[in-house]
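Q: I have a structure here, written as structure tokens, and I will follow up with some questions on it.
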């Protein structure tokens, strides 16, 4: 019984080693594949950025002046020296 367990374990280990050896990729080939994938991604990214630059409206690139303060105007009656109703702006 003990001999059969050892034999079975040896067969399983040998099978795993053979399978891993067959599916293994040499290090040089793996590095070349990674370089090829990186260069393809770089080319795709360059193509996308060029397309984005062409589609960008030039007016969007100009900075616009934002209001430096909030407008505090409101419609009210008998306020801000108004005898009647009107807009009152406080700065």
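Counting starts with 1 at the first residue shown.
Every residue gets a Cβ built from N, Cα and C, even glycine.
The signal peptide feature in Swiss-Prot is assigned to 1-24. The disulfide bond annotation in Swiss-Prot covers 73-89, 76-79, 77-85, 80-88.
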Q: Translate the DSSP assignment of residue 80 (disulfide bond) into the three-state scheme.
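A: DSSP assigns residue 80 (disulfide bond) to coil.
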Q: Round to the nearest Å and give the CA-to-CA distance linking residue 80 (disulfide bond) with residue 89 (disulfide bond).
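A: Their Cα atoms are separated by 8 Å.
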Q: At the Cα level, what's the spacing in Å between residue 79 (disulfide bond) and residue 88 (disulfide bond), rounded?
A: 7
Q: Do you know which of the disulfide-bonded residues 76, 80, 88 has the most other C-beta atoms within 10 angstroms of its C-beta?
A: 88
Q: Can you give me the Cα-Cα distance between residue 76 (disulfide bond) and residue 88 (disulfide bond) in Å, rounded to a whole number?
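A: Between the alpha carbons of residue 76 (disulfide bond) and residue 88 (disulfide bond) there are 7 Å.
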Q: How big is the gap, in Å, between the Cα of residue 88 (disulfide bond) and that of residue 73 (disulfide bond), rounded to a whole number?
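A: About 5 Å separate the Cα atoms of these two residues.
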